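What follows is a single structure, written as structure tokens, with notes after it.
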Amino acid sequence: MEMEANDHFNFTGLPPAPAASGLKPSPSSGEGLYTNGSPMNFPQQGKSLNGDVNVNGLSTVSHTTTSGILNSAPHSSSTSHLHHPNVAYDCLWNYSQYPSANPGNNLKDPPLLSQFPGGQYPLNGILGGNRQPSSPSHNTNLRAGSQEFWANGTQSPMGLNFDSQELYDSFPDQNFEVMPNGPPSFFTSPQTSPMLGSSIQTFAPSQDVSSDIHPDEAAEKELTSVVAENGTGLVGSLELEEEQPELKMCGYNGSVSSVESLHQEVSVLVPDPTVSCLDDPSHLPDQLEDTPILSEDSLEPFDSLAAEPVSGSLYGIDDAELMGAEDKLPLEGNPVISALDCPALSNANAFSLLADDSQTSASIFVSPTSPPVLGESVLQDNSFGLNSCSDSEQEEIETQSSNFQRPLTEPAPDQPPSTQLHPAVSPTASPAASLTASAEISPAVSPVASSPVPPEVFVAVSPASSPALPAISLEASMTTPVTSPQGSPEPSPAAAFQTVSPARKNVSSAPKARADREETTGGAVAVSGSGDVLKRRIATPEEVRLPLQHGWRREVRIKKGSHRWQGETWYYGPCGKRMKQFPEVIKYLSRNVVHSVRREHFSFSPRMPVGDFFEERDTPEGLQWVQLSAEEIPSRIQAITGKRGRPRNNEKAKNKEVPKVKRGRGRPPKIKMPELLNKTDNRLPKKLETQEILSEDDKAKMTKNKKKMRQKVQRGESQTPVQGQARNKRKQDTKSLKQKDTKKKLKAEKEKMKTKQEKLKEKVKREKKEKVKAKGKEGPRARPSCRADKTLATQKRLEEQQRQQAILEEMKKPTEGMCLSDHQPLPDFTRIPGLTLSSRAFSDCLTIVEFLHSFGKVLGFDLTKDVPSLGVLQEGLLCQGDSLDKVQDLLVRLLKAALHDPGLPPYCQSLKILGEKMSEIPLTRDNVSEILRCFLMAYRVEPPFCDSLRTQPFQAQPPQQKAAILAFLVHELNSSTIIINEIDKTLESVSSCRKNKWIVEGRLRRLKTALAKRTGRPEVMMEGAEDGLGRRRSSRIMEETSGIEEEEEEENTTAVHGRRGRKEGEIDVAASSIPELERHIEKLSKRQLFFRKKLLHSSQMLRAVSLGQDRYRRHYWVLPYLAGIFVEGSEGSTVTEDEIKQETESLMEVVTSTPSSARASVKRELTGSNASTSPARSRGRPRKPKPGSLQPQHLQSTIRECDSEQAQTQVHPEPQPQLQAPTQPHLQPSSGFLEPEGSPFSLGQSQHDLSQSAFLSWLSQTQSHNSLLSSSVLTPDSSPGKLDSAPSQSLEEPEPDEAQSCPGPQGPWFNFSAQIPCDAAPTPPPAVSEDQPTPSLQLLASSKPMNTPGAANPCSPVQLSSTHLPGGTPKRLSGDSEEMSQSPTGLGQPKRRGRPPSKFFKQVEQHYLTQLTAQPIPPEMCSGWWWIRDPETLDVLLKALHPRGIREKALHKHLSKHKDFLQEVCLQPLTDPIFEPNELPALEEGVMSWSPKEKTYETDLAVLQWVEELEQRVVLSDLQIRGWTCPTPDSTREDLTYCEHLPDSPEDIPWRGRGREGTVPQRQNNNPLDLAVMRLAVLEQNVERRYLREPLWAAHEVVVEKALLSTPNGAPDGTSTEISYEITPRVRVWRQTLERCRSAAQVCLCMGQLERSIAWEKSVNKVTCLVCRKGDNDEFLLLCDGCDRGCHIYCHRPKMEAVPEGDWFCAVCLSQQVEEEYTQRPGFPKRGQKRKSSFPLTFPEGDSRRRMLSRSRDSPAVPRYPEDGLSPPKRRRHSMRSHHSDLTFCEIILMEMESHDAAWPFLEPVNPRLVSGYRRVIKNPMDFSTMRERLLRGGYTSSEEFAADALLVFDNCQTFNEDDSEVGKAGHVMRRFFESRWEEFYQGKQANL
């Protein structure tokens, strides 16, 4: 029979279960284990259990998708009816088997089990023969059946038959071997290896022997094979051990095998020596003798190995559970076992190498011809995505995840066993299952005697959790003798039931027994969560060095974690691929043919001293990996290892908690305990255990309750609800009384202790006073005082130590730059030469210029012409030369673009000026100021900007304000759609460029790795300058993306270019020589540099880079289009000296007014909260602060209260303004940092000493990098008394992130501004006594030297001068440590040993106090702009920046990171004239002589000249009324002066609704603006009406009005004359607006609208003949009175002899008169009204009057209606006179509604383009402007029509808009307003509404 025959069970994994509770039953599990042809099916395990696992020493044969069957012989299927393929048993979980597939059982099939007909399962695609189907009468649920035991004589519904021939015939031609370097799969060897070898098989069973086997013998064979399959040892026999001693240790991975000696283990199955073939050593194959097994090391014999008990629990399965299936195997009689008849027992060379987490479920067998497999096989890991643990833990999991079984039984202590089984190793046994000891046959056993196993042995290991079987205690298996010394069996059926207890009574007996057994045997093995396992194999350094000899590279990266040092191991393959986990290594080995390197040669443990070690360190350039030297590696490994736990003491170990057993199928629910007793009694034990106050009465009560529960369970009694409630109530009352008594006792004790402590405090104080009075008296009374003094001294030392520790902590933290006293001076930067503007204005200029360079092309600017330079912009803002025009043109274009997009805000969309929308008004230099003012008002800009523009134009504004306005427009344009689209395009190009750069970098990295491998040089040396700082992230991303591309080459189509490049690089690496690789690297380096520059240019093009700030808070900028680095001063961040003094005085008053009693209470609370704090910790992290301990951020509460004037508020942990101590003299540099070994502050005593050591090392490191801290620490040789104090030479300003003081010569100055939080270690201040002087803040402000420990504060830059406590009382500090108060609250604290604080802390404290003081920033550093043009200056700046400065640290980082780019920027050529100081004096003179009134006067005078020019133009065009001439020019007068018309009210032209409100300014005759207004008004009135057009003169809007002119007083008749005139609404608005003009821009708007309304083309000078198209012969040219067309009299048909008199109309006008109706042209001029009559117009030559070219303009017109002499407008106006009063009121109401705040949606008609769907919903739209036009035209005949239109407006609003919308709300408001006003005016007309 071949060795594979025994493998007929298939397992697909175990269900995930916690290691502490064992395996739980899974609903997806398959059939039972010992079913004929039924495999065990388990769901997939989690992380390291991929696929199959070894259960009971069995491994699987086929893949997880196939199932194994046991192919039985034909006679076995017909001789016994017990073979039922559908009968299943649970062998592992102590529960019943799962229901069979028989439909007669009415049970569901397992969800994950696919059965074939007959209950068979295919193995590798082969389906076995059909079994005999089970009948419905065979019940498969053992829980419902009778109990079955071995040898009980009871007929079993299930039997077991076994035939060795079946096993021999199962797999006749299959043999599995390991591929040496191939992928993790298996192949069938062409040469079979049955038994020990294919050529040697000395005891193959014959056919006749197997056919004549007795049924009992068959059972014995099957049981023996089962034991062989479940056995845990390798094949071990006397012959094998004698011939090859090295076979006595066949451990997996080289680990020591667990061997039970003869006196420690008794086999439960005794083999039959008569059939044994292991006695003959000749059966050993030659190959086995020559082939080393598993390890080439010398193997020790079994006798020399220490006995280690092997766990029988597999992933939490204990021994009792493993034998459950054997108990469930019913046999007819006593089994007679001939175990050695099974041929597999002698298969000594079959070893399963299947790892625990292998995903392939077929076993691997080692052929004698296959090479040895060392350690952990490459085939171990096939699942790479399931391992989520860390690398160091993964290695342990992979080597420890296989558990080993215990021996099934253990011998009695005093009875040596006589036989011991030689368990055969099944070919399916995994390495974890093949590590049990090989036993020997005792000489006492007769070689011909068989030793059947008594049945009590099997009963003794029956699972206790099975309800059908009695629970057998494990003690029976430990004490019951198995065989007699003579080897004869002694069956004792009664002995098997001596320790049986019902399973329902104690369900957890088996786990308890398992825990006891593990406690007794677990001392010699490594214990894990899943059971007892052997010690894992750790790869040796020699093995780990092997890959390094074949081109691999191993790196260990060490960095400081949150609590300790952490290490991470990386492997780099020969191709440069980085691997951080075992799955990556295994995949790499499987994909690449790597000789001599396998999985066991790798170790990811960072404690393995192999490879290169790197440590992450903080350098001036940032965090960097620094390679460690060989001397540093052992200390780092020790730091990584850390504190290892003490080995487990099993003698004192507590018993494991019993895991909860999950209820199986069919089991009744667990009885709930609260149902047996009342809830109060049931909860009482838990509550008492929680309170930990179990008294004797409570224990007795708990015992009584348990007894009652047991009695109720037995009797099944139940109480009535009434009795239960009464009983519960009584118990509850008793319990509550007891709890109250307990609480009272505890409270009384606490009060007593508190009173005692207070009395003790008072006593100590009293005694101290008495001691001070009587110093010379000594006696018994002084002893308590001495004790208290010692206590206080201990407390003072503790507080001093904590304070000093906090000071050391703060000395390491970044702090405000102006608080540091050891600065190096910054280099002097060059100020911008031609800069005249202020700092803020120049900042806005930079913004404007950079914006125009970036987006000017998008906005339509010509970058070469339209974009001004900084010099031109500065001159224009200063109104110098022609630059002003360029700035005004820039303003016009920017404002025009802003009005277009983004436009006005939504609430200002209807804003109009002179009836025109702002976006439609043509912008010019003259009127842009008024449009700009309206735009700023719409965006709610500050009123000062808008008010200044009311009376003064833009060019008269100050330069800083003009620059701010232009910057505002730029910021608004940044939100426009066109700019956003441009930014998106740029970002897309940046992303594409970055992707290309990553691809090139990936190729370059691979080539460098290959070159480094070939040349032997490290890869770091080959990196050029482009691989320096700031590239870690891109490199990492590139590696990750390249790894993804390798795994998904076929699917990833977007990275084809990257894959092509990678393949080309690999080809070059494999086939190219070193020169070729260098050429490729050089080529790719150039491409990388190109992409980096392009990326940098693209990314910098759209933004200005802020590099950071220095100690003076100056900002460093890099601009895309300007050369150099710009440095901007911080203006406005300083506080005036008067404010500082005022704040300081108020602070002093608050502190000094604090009552002493409040301070005493604060002291007691402080010291009491710190009484339990230990003095120090010698190792580990510092303890966390207790809730009562003082936090540094609470130390400045008093200052915060004074600053915010909220002394009653609690302190929040957010950053608050903080106080600084006064300036201290700066100390001179000292010569050294470290003290000698014998110094008072030597290391090793406390946390104070460790902190001092850490501080000194940090200082040394900092000085070594920057040499900036030479004066940071003082040594005893350079104490404060020996050094000369000198004031600091670097003056700085306090940081807004921290509280600072600006010291003066006489006291501290304070600056309160926004702060950044300061984190520090907790440091309670020393207690202060009441009777001793406590200078508090006065001490800090005095001139006393602050070199004592009590004057320091651990939180920088926080001053330890006040402390916020729950009471809100400030805590004062003592000035001297010797003057501290003494308090007894430190009783019980351990006394600090060692020397008192050394001078070191006093010196550090003195240095720290100097850091608490922020120096003021020099005024010359606060304002202005500098620039850096020299790269050498940049280098000097880098060296001068302080590494502890909170700002300069970040600045140093950015300057170092972008140093190359910044040097290029500094070397760019200059293109702006502002950097050339040629015209600087002229500009400065212009700034000094700047006067807004002069600029405004110049603008007003220019407007007056433009009005005069317009008058001349009208007269020259002959468009004026006949007889009017231009007045004398006023612009040449010398008496003109400037007069500003300040607005009396906030009235505004476009905001107040057609200008009907506000006062009219009084005009003066010597003001140019007033003269321009008056002359322009006269010009409008004297322009001929027929030469006007829209927008001022619309023909359909013309109305005729009358006015009464009274005669002068001197006239004899006091009569008045009535005149009539024509006017339009727009003309009226224009006139009102002109009256209220206060600026030149407003006048220009009115003048521009009038100019656009004049029909210049109708001028007489431009009239041509309709026939000949010529304009000559003016004396013969007739002008039409209707359209001003002309015609020569000789060209007219019929021909005229002379010019006719009167009106003449051309043919075009005559044809239009006939077709049009009179109603369509209501406002036609009088002279044309004759054409509107019903009779035809004829002009007889004799009757009609003629006129010449110089016709009289004032000739009367022919009346249209001779009968009444009234025109239709006059009649309509006459008919409306009766309703004049009503309509007047309507006009008033309409005017009020238009000026209402909520009327903005109804002022103008709704634009259907903007509001889609409005016309579909609203059929009759109406608005206020339409109502006004109708009202002015006389369209309303009654007030009811007006009211109907008003209500129509509101009804339309309610119909179209939601009520809760803005427009809907406005509609409701306006409706209520209209109704209220209408009711007031029309009390009696409510019915008309």
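From the backbone N, Cα and C atoms, a Cβ is placed for every residue, glycine too.
Per Swiss-Prot, the phosphoserine annotation among the candidates SER1174, SER1239, SER1491 falls on SER1174. Record check of THR703, THR1173, THR1738 in Swiss-Prot: the feature phosphothreonine is attached to THR1738. Looking up SER156, SER189, SER193, SER1383 in Swiss-Prot for phosphoserine, the annotated residue turns out to be SER1383. Between LYS328, LYS512, LYS672, LYS997, Swiss-Prot assigns N6-acetyllysine to LYS672; no such entry appears for the others, which is not proof they lack it. When SER76, SER1189, SER1374, SER1381 are compared with the annotations in Swiss-Prot, the one labelled phosphoserine turns out to be SER1374. In this structure, the recorded sites LYS1662, LYS1695 were compared by how many other Cβ atoms lie within 10 Å of their Cβ, and the smallest count belongs to LYS1695. Taken residue by residue, the compositional bias 'Basic residues' (702-713) breaks down under DSSP into 12 helix, 0 strand, 0 coil. Mean model confidence of the domain 'Bromo' (1777-1881) amounts to 87 (pLDDT, 0 to 100 scale). Here the CA atom of LYS1695 (SUMO2 cross-link) lies 23 Å from the CA atom of LYS1662 (SUMO2 cross-link). Break the domain 'MBD' (538-609) down by DSSP state and the numbers are 21 helix, 18 strand, 33 coil. Ranked by CA distance from LYS790 (N6-acetyllysine), the recorded positions SER605, LYS857, LYS1695 have SER605 at the top as the closest. In the three-state DSSP scheme, LYS790 (N6-acetyllysine) falls into the helix class. Here the Cα atom of SER605 (phosphoserine) is found 60 Å from that of LYS857 (SUMO2 cross-link).
Here the Cα atom of LYS857 (SUMO2 cross-link) is found 63 Å from that of LYS1695 (SUMO2 cross-link). The DSSP breakdown of the domain 'Bromo' (1777-1881), given as helix, strand and coil counts, is 76 helix, 0 strand, 29 coil. In the structure as shown, the Cβ atom of LYS857 (SUMO2 cross-link) sits within 10 Å of 14 other Cβ atoms. Shown are the modified residues SER605, LYS790; the one with the most C-beta atoms within 10 angstroms of its own C-beta is SER605.
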